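Everything on this sheet refers to the single structure shown next.
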Amino acid sequence: MLFGYDTGIILAVLAITSLCSAGPFLGAIIADLTADKYGRKGPMYVGFALFTVEAILQAPGYSVPQMAVGRLTVGLGVGSAAMIVPAYIAEIAPMKYRGHMVGLNNVSITGGQVISYAIGAAFASVPHGWRYMVGLGGVPSIFLAILPPLCPESPCQLISYGKVEEAVNLSTQGRSRWDIVKELNRNPAHFRALVCACRLIGFSNPVAVNLVVSGTNMVSACINMPPVDPVGRRCLLVSTACGMAAGLLAVAISFVYIPMSLDTLEVQDNTITPTAIVVLVFIIWFVAFYGVSSGNTAWMSADFFSTEVRAIGTMFMTCCCWGSDFFASSAFLSMMKGITPSGAFGFYACLCFIGWILIIFFYPEMSGLTLEESQEVFQHGFGVRYARQLRKERRRGGE
C-alpha cells in the first residue's frame with residue numbers, strides 16, 4: 001500500500017513524475033543484487049528506509065533539485081518493493097492461494113493510490129498542503145519495519161542458511177551474479193519464462209494506465225482476486241486484453257470529434273459534450289479491464305522462474321515494467337502533440353491488440369500448478385498446450 005501511496009501522491013503535487021518511473025528501474029537492480037545474499041527481507045528493509053528518506057527530503061524541500069532527488073529516492077524504494085514482494089509471495093504462498101496473495105498485493109497498491117488521491121484532495125486548499133502529503137508517506141514505512149520479523153522466511157533465505165536440502169543449497173551458492181544471468185539466458189526453459197513474463201508486463205504497462213488511474217483500478221483489482229486461481233490467469237487475460245484494446249480504440253475515435261489545440265493540448269470547447277462523456281466512459285472501461293487482468297496478473301509471473309534464477313528473473317520483469325512506464329510517461333504528451341490524441345491512443349490500442357495475440361499463442365496457464373510444475377512447463381516450448389494437459393491430469397487425479 002505504501003508503494004501505491006508514494007506513486008500516487010505526487011500526482012497531486014507536481015509534474016516531476018518521470019523520475020519516479022526511472023528510479024524503480026535502478027531500485028529493482030539493487031534489490032536483486034541483495035536478495036539472494038541477504039534474503040528476501042533485506043531489500044524490504046532497504047525499501048522502508050528509502051520511503052522514509054524520501055519523505056524527509058521532499059517535505060521541507062524548497063528547490064526543484066531537492067524534490068527531484070526525493071522523487072528519485074522514492075523511485076528506488078518503489079523498484080525495490082515491486083521486485084522483491086512478488087518474488088517473496090511466489091515462494092511462500094501455498095499453491096492454492098498464490099494468485100490470491102499476489103492479487104492482494106496489487107489491491108494494496110491501488111488502495112494506496114486511492115488513499116493518496118483522497119489525502120491530496122483534503123490538503124489541496126491547505127497552505128503548503130503538499131508538504132503534508134509527501135511527509136505522511138514516511139510514517140507508514142517506520143511502522144512497516146517491525147513486521148518482516150513476524151513473516152515466515154522465504155525458501156531462498158533458508159537455502160542461504162543451509163536449512164534445506166543440500167542439492168538445492170548447492171545450486172544457489174558459489175555462483176556469481178553473471179553466472180545466473182547466463183543461465184537465465186542460455187537455459188531455454190528459463191529464457192522462455194523470462195520472455196513470457198517480461199512480454200506480458202511490458203505490453204500491459206505502457207498503455208497509458210498510469211495516466212488514468214483511479215478508484216476503478218482498485219475495484220477491478222478486487223474483482224480479479226476471487227476468480228484468478230479457479231478460472232485461471234490465461235482465461236482472464238485472453239477475455240479482457242481485447243476489451244482493453246477496444247476501450248482505447250473507442251477513445252482514439254472519440255478524440256477525432258473533440259476540437260483541441262495541438263500546441264497546448266487544450267480543448268477549445270469547455271462545455272461537457274456527449275463525445276467528452278464517451279471518452280471518460282471508455283477510459284474507465286479500459287482501466288476496469290486492465291485492473292481485472294493485466295494490472296494484477298502480470299505480477300503473478302514471478303512463479304515462472306525456478307528458485308536459483310527467481311530473484312534476477314523478477315528483477316528483469318520489474319525493469320521491463322518501469323522501463324515501459326518511463327517511456328509512456330515521458331513520451332505520451334509528445335505523442336499527443338506529434339500524432340494527435342487519436343493517434344496516441346490508437347498506438348496504444350494497437351499495442352494492446354498485439355499483446356492479446358501474444359497471450360493467446362505464448363502465455364501458458366499456471367494456475368493450480370506447483371512451482372516445480374510451472375518451471376517444467378517451459379521445458380516444452382512456451383508450454384501452452386503442455387500446461388493445459390498438465391492441469392487436466394491434475395483435475396482427473398483429484399488434486
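Any Cβ shown, glycine's included, is placed from N, Cα and C.
Remember, TrEMBL labels are computer predictions, not curated facts.
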Correct range for transmembrane segment (source TrEMBL, candidates 102-124, 194-216): 102-124
Interface check, the transmembrane segment (235-260) with the transmembrane segment (68-90), three or more C-beta pairs under 8 A: no
PLDDT averaged over the residues of the domain 'Major facilitator superfamily (MFS) profile' (1-367): 77
